[in-house]
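Contents: one structure, followed by commentary.
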Amino acid sequence: MVLVMKLLFLTCLWPTAVLHSSQSQHHHLHHRQQFSFLRRHNSKREIKMRKLDSTKVRPLKSEQLLHIEDHDFALRPGFGGSPIPVGIDVQVESIDSISEVDMDFTMTLYLRHYWKDERLSFHSNKNKSMTFDGRLIKKIWVPDVFFVHSKRSFIHDTTVENVMLRVYPDGNVLFSLRITVSAMCFMDFSRFPLDTQNCSLELESYAYNEDDLMLYWKHGNKSLSTDEHISLSQFFIEEFSASSGLAFYSSTGWYNRLFINFALRRHIFFFVLQSYFPAMLMVMLSWVSFWIDRRAVPARVSLGITTVLTMSTIMTGVSASMPQVSYIKAVDVYLWISFLFVFLSVIEYAAVNYLTTIEERKQLKKRGKASRTYSIDAVQAMAFDGCFHDTDVDMDMDMDVTSFSDRCEENETRARAASVPNVDTTRIKRKRSLKGNVGRIILQNNHVIDTYSRIIFPSVYIVFNFFYWGLYI
């Protein structure tokens, strides 16, 4: 009986146990699937994060390789010991401009620094260097070289900043820049435009004196190289040279200084065409007045004033393109002497005209004609039509010239009393009477000052040119 009861009890419990077992197995299977899904999802997420951070992995490795985080690069290499040697190498790409007014020049160059920093040494099986751009420079020590007497300077940044840093396994460093700098050039214009200017670009450490940094040319005189195609419109580059020296500051001490020296010889042909040749022409043009009749007042005065004003314009144009210096330049000497010759030609005619008037009055008084002398208008009219004569000419001329002068006086008398048609007839007669005697009358009617001026002015100007060009060339 008891056995029968146990069998009935087990029969009732068996379906419940089977159902509970199947549910438990299903629950464990679902949990495993969910865990597997989460694991796969987390794995994909980690892979994705690694891909996103792949750009940061390489700089970190480079910085770790150079031990940047292990050192204080605010201090120079070998701090507390001997000064660190920094070699300099310069390649001049171009000289962009030379300004006489601002007394400066603009130059584009490649500036290269060489030094050794054992803190940046790294292991390399192939002994290859590593090259970086400007982003790493802010994290390490670099020399603080600047340009003395610089007005403006900048590092080129097209298409990226033109900066290169190369580190070798033994710690040697190459730091290169492409720079355009405008610096002062102390020019001497006493021989302008026949001058040669000596300019220099000076390099120096700003913070480190000679006890901390030794600046020197890496390869001696060969440290300075230039492009073969460098040329300037107004100058010929005679030479480039490198030199070094020391600079003293009372508050900080002695500093090493490097010099880039170059000599510029000016091309003179431009100034010959623009200044010297026009000045010569104006001086020679002023001499033409010596061959014009002394009574042709409008012709000689207008010619003299024109040459004086032209010389003033030439001198103003030259001065406008030059700095306001307090000493005399070579071009000023030539232009002012030329201006003096032109001015003296005007003064010469003023003297000739005055002396001619005095002589005329004396001769008229001596003849007893002072009471009935010609008016000023009549004398001027005689001068314009070529009928003027003085006593010296009358005494030296032959009978034909005397009769010609008498006819001129008669014609003048008739012209004042006759009508307008009679004046035209008189002028025709005068022109006919002048034929064959004009050249002789003009030569004999010239003043003695004009005669001497035709020889003295050209001779003195030729001697001046001989000494001028012999002195400055």
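Keep in mind that glycine also has a Cβ here, set from the backbone N, Cα and C atoms.
Positions annotated as signal peptide by TrEMBL: 1-24.
Summarising the annotation, TrEMBL assigns domain 'Neurotransmitter-gated ion-channel ligand-binding' to 68-267.
Per TrEMBL, the feature transmembrane segment maps to 268-291 (among others). Within the same chain, residues 193-194, 234, 299-300, 303-304, 307, 310-311, 314, 317-318, 331, 334-335, 338, 341-342, 345-346, 348-349, 450, 453-454, 457-458, 461 sit at least 6 positions outside the transmembrane segment (268-291) and bring their C-beta atoms closer than 8 Å to a C-beta of that stretch.
What TrEMBL lists as domain 'Neurotransmitter-gated ion-channel transmembrane' is 276-380.
Through the fold, the transmembrane segment (303-322) approaches residues 100-101, 189, 192, 274-275, 278-279, 282-283, 285-286, 288-289, 292, 329, 331-332, 335-336, 338-339, 342-343, 345-346, 349 of its own chain, all at least 6 residues removed from its boundaries and within a Cβ separation under 8 Å. According to TrEMBL, the feature transmembrane segment maps to 303-322 (among others).
Taken from TrEMBL, the feature transmembrane segment covers 334-356 (among others).
Same-chain residues lying 6 or more positions outside the transmembrane segment (455-472) and placing a CB less than 8 Å from one of its CB atoms are 191, 194, 283-284, 287, 290, 330, 333-334, 337, 341, 344-345. The transmembrane segment annotation in TrEMBL covers 455-472 (among others).
DSSP assignment over the domain 'Neurotransmitter-gated ion-channel transmembrane' (276-380) gives 85 helix, 0 strand, 20 coil. The average pLDDT computed for the domain 'Neurotransmitter-gated ion-channel ligand-binding' (68-267) is 92.
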